[in-house]
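Copied over from TrEMBL, here are the features:
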DOMAIN    25-157  domain 'Peroxisomal multifunctional enzyme type 2-like N-terminal'
DOMAIN    190-292  domain 'MaoC-like'
Amino acid sequence: MAGSGNSGIDPELVISHKFPESLHTYTERDAAIYALGVGACTKDAIDDKELKYVYHQDGQEFIQVLPTFSTLFTVGIPSQIEQLPGLPFDPRLLLHGQQYIEVYKPLPSHGCILNKTSIAGLHDKGKAAVLEVEILSYEKESGERLCMNRLSIYLRGAGGFSKSSQPYSYSSNRSNQSAFPKIPKSQPFAVYEECTHASQALLYRLSGDYNPLHSDPKFAESAGFSRPILHGLCTLGFAVRTIIKCICGGDQNMIKKVSGRFLLHVYPGETLITEMWLEGLRVIYQVKVNERNRAVLFGFVDLDRLSSSM
């Protein structure tokens, strides 16, 4: 409740925190394992639109990299915010609510990435606090800016820190680039159905997210799930890869912005149905789980142009 100031959060201490710069080094093997982890070539091992993510197709010198690979640069953020001064919270009550990505340049197939992290927002929602963390990523050798990731993290039980009757709200994102559109009521422009594998979370975790919620049955059960669940960023990777296949004619470099809001968990082995609506250069999408007929993810993807094959 606004004005109660009872959570122990010190907003000024939080938003003024300076993170140390960090490095993330990866190889072609890492990029290929990620692509397989988000379903590349699952339906067809010789898919001419996806083989390039895992193999030097047609003599290409390097494999191509999916734009959502950049989300791996943010994997260590939850553990970093546990150490954030002025932000006491129960790590078991942390939820990854949203992910926003801006792509400035195609990701190289291998390299060393310099990440600069900052607090982009802090909001008192009463029973919860919402923390926004922004990561700008640069190619270390050239200094070129590659991408930006912004995470919205829900800290349940950490709200109620406002000192006045107005709930505390700070955001460095003044233009509100990641505001979510409504799902259109019209028929989708395209619909794509794809099964995840029973081992999907075990494969995706090899890309660096080793949270036992996605692999340990007893841990998952203690968190209220019948079995380990799929990583939310894995589901996002499936969705964006589907848009590249269905809307972009297989050209991943058409993707300029990605925004996703996580609504519900996915169990490995379930079938994902991605519905896509095309509005100018924006694709509005929604992902549903067929077995439970529930929406699990929605958002938008902005393109720099439309595919000539459309």
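From the backbone N, Cα and C atoms, a Cβ is placed for every residue, glycine too.
Note that TrEMBL annotation is computational and uncurated.
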For the domain 'MaoC-like' (190-292), report the average pLDDT of the model, please.
97
Mind checking how the domain 'Peroxisomal multifunctional enzyme type 2-like N-terminal' (25-157) divides into helix, strand and coil residues in DSSP?
32 helix, 50 strand, 51 coil
Let's see if you can do this one: DSSP helix, strand and coil counts over the domain 'MaoC-like' (190-292), in that order.
35 helix, 31 strand, 37 coil
